[in-house]
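Novice: As annotated by Swiss-Prot, disulfide bond applies to 58-290, 71-83, 106-151, 294-318, 490-494. Positions annotated as N-linked glycosylation site by Swiss-Prot, on the basis of sequence analysis: 26, 27, 39, 181, 302, 500. Taken from Swiss-Prot, the feature S-palmitoyl cysteine covers 557, 564, 567. Annotation comment: Swiss-Prot describes 1-16 as signal peptide, evidence class sequence analysis. Taken from Swiss-Prot, the feature topological domain 'Extracellular' covers 17-531. The topological domain 'Cytoplasmic' annotation in Swiss-Prot covers 553-568. Feature annotation from Swiss-Prot assigns transmembrane segment to 532-552.
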């Protein structure tokens, strides 16, 4: 009879109504890294590192780039005859120059402070070329014979279009005194130069005067140049050299020139009509007839991701450059949680619902929720409130990362002349160091955010579990796997009240108490039976052992093996 009662009680426990707390799971194989773990499979993840580009040069926000093709910046500004297509250029978004353009300074020489001029151009979007000293105004000097075979055009000798090489006229080179007043409202880029002959004979042949000079002055510039006559190897068929200079002439300022020979005078200057963000990119790409918001020397980027690893030099609304190969942000939950019977903490942030047995693929309309079973059936239901709060918490995670790294180090494509190579090497090391630190910060932040996100989800499951536990109290039993077994009947209406937090504990407490006591009574009665059996077994075993010892002693006494003495 006792066995029958115990069996019925056990069956009734198995079939009791239950409610379980769990979380969403799916077939995702996406993995993320955290501070504590690598390759954690999650239900949802977002790649935040852009790795692709289109391999083309594109318009930037509808404005075409100035692609110099085979011309250099110097060839364009001075007017190399092979760069006539760039005599007048419209507004540009950025400038593209090849690494080694063929049409540079056709007459050999150098451009003074060339790198600084390029840096200036990275803040300019439009030039307007204006004539400041007409070529026809040099009545006392030969302004037409200053050409060279080094600068050919249509098979004939020519020269830079925007400057004039002045030669003696009628065996005389009168001293030049010429001024230009900048009456424009914009700054003016003015260029001029000096010719360094090969020998004294060439000096007098071209300029008559054996000793010459060039003086240039503005409100901020005071320059005096003299030619350096020396024998040099031929470059482009020329033993002479030319050196070019530039300055920015402010509005209402004047530039004064004085020279008695070797002067390369400005004819045109560039009015800076629009300033803005620009850059000079070194690229061999061709124009792709496309539009973009972000351009790199490798191609255009069309992405909403916060980071990229394509090239450190960019222009436009671009993701931030890092050296990383992988940055994946967790937005969902662990998809393969540990299955444990006891609570366990892991991670850095908050409590972990490690006692939950596993995720539910059957729950598709939320991240966290319930599974119930009673006489009316069973089913899954998402907890809308906790799910929505979690969604709100991770929706702005990408923006949060950007805000935390809101000071981007910009790698600027600087150029250095031969005398500044050590500075260039130091600059490259500094840029590499900055990028290394920037990359480390980005990777560390993603790892920490992933750890925080996964712990955040686990904590939400734990909070949902505690919400149910505090409602049910002793009306249900905790099974240790995220489930509760009711001590009373709980129909669908009852289940719904548990889910929405309106469970009426007093309503079910009496039924739960009776069932709980009945189960406890069965256990106690069974325990008493087991105690009686245990005592009986112990006494019987002891008695049998005593009889065996007594019999053995009598046998040994009878055959003389043991002497027995009874003393009274």
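Cβ coordinates come from backbone N, Cα and C, glycine included.
Note that this is a predicted model, so its numbers are computed, not measured.
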Novice: Could you tally the C-beta atoms, other than its own, that fall within 10 angstroms of the C-beta of residue 151 (disulfide bond)?
Specialist: 24
Novice: From the recorded positions 58, 294, 318, 490, 500, pick the residue whose C-alpha lies nearest to the C-alpha of residue 26 (N-linked glycosylation site).
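Specialist: Nearest in space to residue 26 (N-linked glycosylation site), counting only the recorded positions, is 500.
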Novice: Round to a whole number and give the Cα-to-Cα distance in Å for the pair residue 106 (disulfide bond) and residue 494 (disulfide bond).
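Specialist: Given the Cα positions, residue 106 (disulfide bond) is 91 Å from residue 494 (disulfide bond).
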Novice: Spatially, and counting Cα to Cα, which of the recorded positions is closest to residue 318 (disulfide bond)? Options: 83, 290, 494, 500.
Specialist: 290
Novice: Measuring CA to CA, name the entry from the recorded positions 27, 39, 290, 490 that ends up nearest residue 151 (disulfide bond).
Specialist: 290
Novice: Within the topological domain 'Cytoplasmic' (553-568) only, compute the mean pLDDT.
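Specialist: Averaging the confidence scores along the topological domain 'Cytoplasmic' (553-568) gives 57.
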Novice: Which one is it: of the recorded positions 39, 58, 83, whose Cα lies the shortest distance from the Cα of residue 294 (disulfide bond)?
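Specialist: For residue 294 (disulfide bond), the spatially nearest of the recorded positions is 58.
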Novice: Using residue 58 (disulfide bond) as the reference point, find which of the recorded positions 71, 83, 302, 494, 500 has the shortest Cα-to-Cα distance to it.
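Specialist: Sorting the recorded positions by distance from residue 58 (disulfide bond), the top entry is 302.
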Novice: When neighbour density is defined as the number of other C-beta atoms within 10 angstroms of a residue's C-beta, which of the disulfide-bonded residues 58, 490 has the lowest density?
Specialist: 58
Novice: How many Å lie between the Cα of residue 83 (disulfide bond) and the Cα of residue 290 (disulfide bond)?
Specialist: 24
Novice: Inside 10 Å of the Cβ of residue 39 (N-linked glycosylation site), count up the other Cβ atoms and send me the figure.
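Specialist: 8, counting other Cβ atoms within 10 Å of residue 39 (N-linked glycosylation site).
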Novice: Measuring Cα to Cα, how many Å separate residue 494 (disulfide bond) from residue 71 (disulfide bond)?
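Specialist: Their Cα atoms are separated by 82 Å.
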Novice: Say we define neighbours as other CB atoms within 10 Å of the CB. Which of the disulfide-bonded residues 71, 83, 290, 318, 494 has the fewest?
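Specialist: Sparsest of the disulfide-bonded residues 71, 83, 290, 318, 494 by Cβ contacts within 10 Å: 290.
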